[in-house]
Structures are given as structure tokens and as C-alpha cells.
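Reviewing the structure listed below.
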Amino acid sequence: MTDPESTAIDSVAAMATDHTEAPAHPLHKVLSFVRRSGRLDDRLQRAWDNYAGTYLLDIAAGNLLDVREGVTLDRALVESAWGNDNPLIVEIGTGQGENVVAAAAAHPETNFLALEVYDPGVAHTLLLAGKQGLTNIRVAQVNAPELFKVTAPGTAAEVWTFFPDPWPKKKHHKRRIVQEAMAGDIHRALAADGVWRIATDIEDYALHVHEVMDGLDGWKNLGSVTVSLPLEHVGKGNADLAADMPHADFTESERFEGRVLTNFEKKGLAAGRVIHDFTYQAVALH
């Protein structure tokens, strides 16, 4: 990949080693997920038992999804947990782990951190990584916004957020992972010229991404594809109304070549949904 919107994983910039003090966690957090049952079938339980000790990053606060007090994700932690100082790519919402494990297998020179809150997804990611004997991937079962609040500047080369929970009800849009505050924390966490890659198959979420990111200081949209989107949001079950709304052109990216076609994405395509890809590069704040 040689075009700017498909920055090659192989050539990610070197990261800084600055440390920042972890801010106090708010008493009332807006979560981007709903805690569901963590029951595992026998196969996934065996995977957890066999591979958690190898791949699961011990940064959670007990059985909670909070980040343990005093934890800072920085280059020192990367070197300790991965055993090297290679560039780090963080995937938010790993799901079943298909994409991040495939990326880790294809790029042994890069470290990968998979963030997932649901037990079955964590276990399946452990299973895929363990079966291949990968050494460059770790998994953390924590709330991603909290982790990025305690991530030191320049720690990550890239951040990936593929097919996040769309939270279709308008009253729940504040729970969407793409928010100004999250963008600010990711901007700080990225190395110079690092990128945040986002993908969604929900048109209303694509509009949300543009509203949050396109005018935000410190970010450059590297896209080259023009798409037409409605200028108003629709609520859950009202997606058909979007066709009659005023539309405008927006700039998005070609499909990221480093993202494998997961079962989730296949289902979206089979349902006739359009995939929206975004590549935002962190640039100097004005």
C-alpha cells in the first residue's frame, strides 16, 4: 500500500516514550457497550484456560472492565508485555478476533493490542492467536475510552475501530465510541502521523463520524472517495426515511487493504449495506 490513506503497517512511525499521569476516573461514565453474560461454552472455556496466561494483558481492575488504578499504557509497558519496542496497533472492539489475529500473523514486526469487553469475543481471540502460536498480540478486557485516557503520548502507531456498536436510537448516540473526547485521547496516544482507521456499515453512523471528525482540530481526512449521505440523523427503525432527506457529499477512504473480510462484514454486505471506510491522520494541533 503506497497511497497516503493506506499507510503501510510496515512503515509506521517510531513512538515517543513520554509518560502522563492518569486522570481520576469520573463517577458516572457513559459506556459504549452493554455488559452481557460472560458464559462460555466448553471450547471457549478451554481456550481461556489454555491461553489467557499468554495473551491476556493484566490491566483490568479485578473482575470489572475498568482500568486498574496506576496503569499507564506507554512504551515501557509495551516493551515489558511484548518483549520488544516494535510499533503498536490497537484495535477497539475486536469482536471474534478474526481481523486483529490475521493482521498479527501477517505482520510479526508489529505489536497488536486487541480491546474487547465480551467474554466470548475475548476467548475466541485467544483461541485464534493460540492456535497459531502468535507472539506479537495481546488482549485487554477493559473499557477502551478509559484505557486511552491513561495512554501516554506517542504510544500507538495506529488505532482501528471497525464496525463499532451503532447505537441506533438517537438518545443513545452519546454512547457511540466515536466522540470528540475519545478523538482527543486517541490523538494524544498516536505517534506523529499516526492514523485512526474506522469502518461502519451503518449510514447514520457514517454521518456521525463525519460530524465528529471532519472539522476537528488535529485530524486530517486522508480519504479520496466521494460519497453522498443524508444531512439528518434517523432513529432506530427509520433508516428508510433517509432516502428522502437532503444529501451532501463527503470524503471517505477506499476499503482498507489490511482489514480481512470478517463474518460480520460479510453479513452486512449480504444485507445490502454499504461499507464506509475512514482514515484520519493525527496532525499538529493549531
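The backbone N, Cα and C atoms fix where each Cβ goes, glycine too.
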**Prompt:** Which residue of Asp193, Asp201, Asp204 does Swiss-Prot report at the same substrate site as Lys169, Thr262, Asn263, Phe264, Glu265?
**Reply:** Asp201
**Item:** Record-annotated S-adenosyl-L-methionine site (Swiss-Prot): member among Glu69, Glu109, Glu116, Glu180 besides Glu91, Asn143, Asp165
**Value:** Glu116
**Prompt:** For the binding-site residues Asn143, Thr262, Asn263, which one has the sparsest Cβ surroundings, going by other Cβ atoms within 10 Å?
**Reply:** Asn263
**Request:** Write out the long-range same-chain contacts of Asp201 (substrate binding site), meaning residues 6 or more apart in sequence whose Cβ is under 8 Å from its Cβ.
**Result:** Phe163, Glu265, Gly268, Leu269, Arg273, Val274, Ile275, His276
**Message:** For each of Glu91, Glu116, Asp165, Glu265, count the other CB atoms within 10 A of its CB; which of these binding-site residues has the top count?
**Reply:** Glu91
**Item:** Cα distance (Å, whole number) from Glu116 (S-adenosyl-L-methionine binding site) to Lys169 (substrate binding site)
**Value:** 23
**Prompt:** Could you tell me the C-alpha distance between Phe264 (substrate binding site) and Asp165 (S-adenosyl-L-methionine binding site) in angstrom, no decimals?
**Reply:** 12
